[in-house]
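Structure first, then comments.
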Amino acid sequence: MSKNPGRILIFDTTLRDGEQSPGASLNLEEKLAIAHQLARLGVDVIEAGFPFASPGDFKAVNKIASAVGKEHGPTICGLARASKGDIKACYEAVSPAPKKRIHTFIATSDIHLKHKLKKSRKDVLQIVPEMVNYAKSLVDDIEFSCEDASRSDPDFLYEVIQLAISAGATTINIPDTVGFTTPSEFGNLIADINKNVPNIDEAVISVHGHNDLGLAVANFLEAVKNGARQLECTINGIGERAGNASLEELVMALHVRKSFFNSFFKRNPDSPTPLTAIRTEEITKTSRLVSNLTGMTVQPNKAIVGANAFAHESGIHQDGVLKNRLTYEIIDAKTVGLSDNKISLGKLSGRSAVRARLEEMGYDLSREDLNDAFARFKDLADRKREITDRDLEAIVSEQVQLPEAKFQLSLVQVSCGNASKPTATISLLNTEDNTEDTAVSIGTGPVDAVCEALNKLAKVPNELIEFSVKSVTEGIDALGEVTIRIRRDNKIYSGHSADTDVVVAAANAYINALNRLVFSEKKNSIHPQFDNLENSNNTYISNPAN
């Protein structure tokens, strides 16, 4: 049996695999905000990024390691291909964290070896112990992944795992890289690894999976039954293609069905001891933060965190819930932090009252950020009678998105109606040369006119592929949240903003998307799965953060 920590370790890869979702690129401040919230959530490991990808990625991982990595906090992990250049960069990036991990990987399936790496099985058997041993010389906590494990030859997989553990790997990750396997197959694979790898008891078995067939969470739960003790997942299940296993779904499945899973940990079915260290009341806030910052809207019927997750339309269901919530609800909404709390703050409220409420909600803002958030609060309070926690979340999320902005909106003015052509006047500040220009455009509607004017000013060719708007809270004076997605060179960039005026929100969301596009093209990152290992052996960005 593999090394057993006595519970499930939650390894969050939102900032690495999650950010690889189309349009989900994040700047440094956004990554840092998410990392702080993941620490409050109680994840065991934060995979902060792929340090070798670019100087920006290195800096982000390094900053998270120093700011979020604490002695009693999460382990900070970086991803590295099985090459010295990657591993060295990873080590330097995570080095400020008291608890640090290097996560190195290489493919083990024949299809990946032949068509991607151009390597033989013999090559892999030589690379794995050499690179794991090198990583071990730098840090004690080493995770090794067999990429595309679910499509690998089992006997070869066992051999690779045994070599990795002998070389010093403390965690062995079994990825279902393309979301190919089924629950029974994945459970059997974990069971067979436990049976056929002689030194497996020296490492924790981890699983990583994608949701291409909608089976990622089910696969993981079956893996838990067969000995997996670390689950690699993302907030809202974001990730490449159809996404990753969803953290909130996994955690709440283990929470709600604890009596069922307890037996697989040799516990009494009625044992009250939690199966994870997650503070479930932080789930909803974490979900909303990630959604706001990535611009990836959560589908309404998404389990646990969707807008309809605790809604009842049927009269029979409504009647039952009113009599006893347990008739149709298996989770108390408060367990995941869902609350309709309203705060009695208005335009006469002071900074200390706003700060106190933000601290109660888990936000720890610097003096400068608090001043900016308070200014936004006062502006909103002039236009909205009641301020809710959701409004404050929107204000803070909006503030986090401001850094690394080439373009800033100075003015938006729109004229429209059923007897006139929608016309927008936009003034845009270019922060790089501190110049401001104004443009006027006509569109099919007010938002189209705004986007046309912004494109004239920004001169960044793109295609608008999605526009969506929803209210943050109830009422005619509610904040409107706008999400915009644009495309350039087959890459997607998202922007998000909230305002009581949805046209202003749309303008800011579009500018956010443009800023992400510009930032991403400057960043010029490489992808961990699509570059040859040879590219990283001799090219290393030493201290790119300086």
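The first residue you see is number 1, and the count goes up from there.
Just so it is clear, glycine is given a Cβ too, placed from its N, Cα and C backbone atoms.
When N62, N244, N262 are compared with the Mn(2+) site residues D17, H208, H210 in Swiss-Prot, the one appearing in that site is N244. Those residues of the chain, other than D17, H208, H210, N244, with a C-beta within 8 angstroms of the mean position of the Mn(2+) site C-beta atoms are T13, P175, T177, G209, A216, E232, C233, T234, G239, E240, G243, A245. Least packed by the Cβ count within 10 Å, out of the binding-site residues H208, H210, is H210.
For the binding-site residues shown (D17, N244), fewest C-beta neighbours within 10 angstroms: D17. Note on the region 'Regulatory domain' (408-546): DSSP counts are 39 helix, 56 strand, 44 coil.
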